[in-house]
Amino acid sequence: MNALVATNRNFKLAARLLGLDSKLERSLLIPFREIKVPLPFLFQQSFSIFLLYQFMHLSKCPQVVECTIPKDDGTLASFVGFRFQHDNARGPMKGGIRYHPEVDSDEVNALAQLMTWKTAVANLPYGGAKGGIGCNPRELSISEQERLTRVFTQKIHDLIGIHTDVQAPDMGTNPQTMAWILDEYSKFQGYSPAVVTGKPIDLGGSLGGDAATGRGVLFATEALLNEYGKNISGQQFVIQGFGNVGSWAAHLISENGGKNVAVSDITGAIKNSKGIDIPGLLKHAKENRGTKGFHGGDAIDPKSILVEDCDVLIPAALGGVINRENANDIKANFIIEAANHPTDPEADEILSKKGVVILPDIYANSGGVTVGYFEWVQNIPGFMWDEEKVNIELKTYMTRGFKDVKGMCKAHNCDL
């Protein structure tokens, strides 16, 4: 199901449960602002043509502008970028920017909306936003990624800001990307470390930020399992996606006594019923850019990862991976949505009838935006916290968030 259709369907269900006024419902479905930055042809031209091309398009409005970068071989490449600013009723808008070849307008719109609900569930003084550029960062050199990031920032710098719209890393982006955004933005607006979160520590990034979403997944899973008289220890976990979120979740689950029996990423999938050696897998994945070829388990079809036997399934990759085609085959008792909208509404209904408990993404993966908020809070007065304080505060927010969600379930007689 289309990401925006799925997100709107869930929102409308919640609106009916809450009895929202129809005008308010429509208002919350419409984003505050959409910024589309077409960056859509490939020119076999020189750098001088690039400069002329940029100059000719300076007069275009910020909602639709042409942005092109020179590649290392002297050609010019263009991409399409988006920034959706969904809602600022609770505070400045906040959301990541992803670099992925399948980024499209509907997906970014849906993710911006999900950020609005996520920051509200986490009780953070933010609204929601999201950005994306349709590119494959694996096919771009570091210098090409830097030029792309800087050009994109130039085109939106007057529409983002510390108290307007705060950027963060997402799929395909990282602290280095945030450093480029900060540097480029500061050329126009002055040094403003709080305009991005997820920065390198030396530029004002928060300690504990790298592990934040994965650690939040751990705390969320603990809270859910405790509700059923269970603990992390002794449970069998399957994790789809071994990027930043999935790898940290696997590592922390292993440290707390959980058994990771199957893991997958874009390169492949492995299974070991006795438990995968996560430190060994982390080392292998770093050296080989993926889990493929790891000898600590049997190679399996990545498509089967979601239906492997386990107690807890953690989808930590792309959206829409659990749908009506595979929902009936899922064997897990609990699903922790570490990815954004990994479960289609149709699958939600099937799994609910099966008695599977789903912990929704707008709570389960809110650890990243929560520590992003801590970073923003530290940057404004310039007073930094130690990592222990960050982790203690994160657990406090995640524990309180689960209680709030559980309370709403009871009040409105609905599932999580």
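Cβ coordinates come from backbone N, Cα and C, glycine included.
What TrEMBL records for this protein:
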type	residues	note
BINDING	Lys94, Lys118	substrate binding site
ACT_SITE	Lys130	active site, proton donor
SITE	Asp170	site 'Important for catalysis'
BINDING	Thr213, Asn244	NAD(+) binding site
* Local Cβ density at Asn244 (NAD(+) binding site) - other Cβ atoms counted within 10 Å -> 19
* Asked: Looking at the recorded positions Lys130, Asp170, Thr213, Asn244, which ones sit with their CA no more than 10 Å from the CA of Lys94 (substrate binding site)?
  -> Lys130
* Under 8 Å Cβ to Cβ from Lys118 (substrate binding site), same chain, six or more residues apart: give me those in sequence order, or none if nothing qualifies. => Gly128, Asp361, Ile362, Tyr363, Asn365, Ser366, Val369
* For Lys94 (substrate binding site), list the number of other Cβ atoms lying within 10 Å of its Cβ atom. => 28
* Asked: Taking just the CA atoms, what is the gap between Asn244 (NAD(+) binding site) and Lys130 (active site, proton donor) in Å?
  -> 19
* **Residue among the recorded positions Lys130, Asp170, Thr213 whose Cβ has the most other Cβ atoms within 10 Å** => Lys130
* Asked: Which whole-number value in Å describes the distance between the Cα atoms of Asp170 (site 'Important for catalysis') and the residue listed as 'active site, proton donor'?
  -> 9
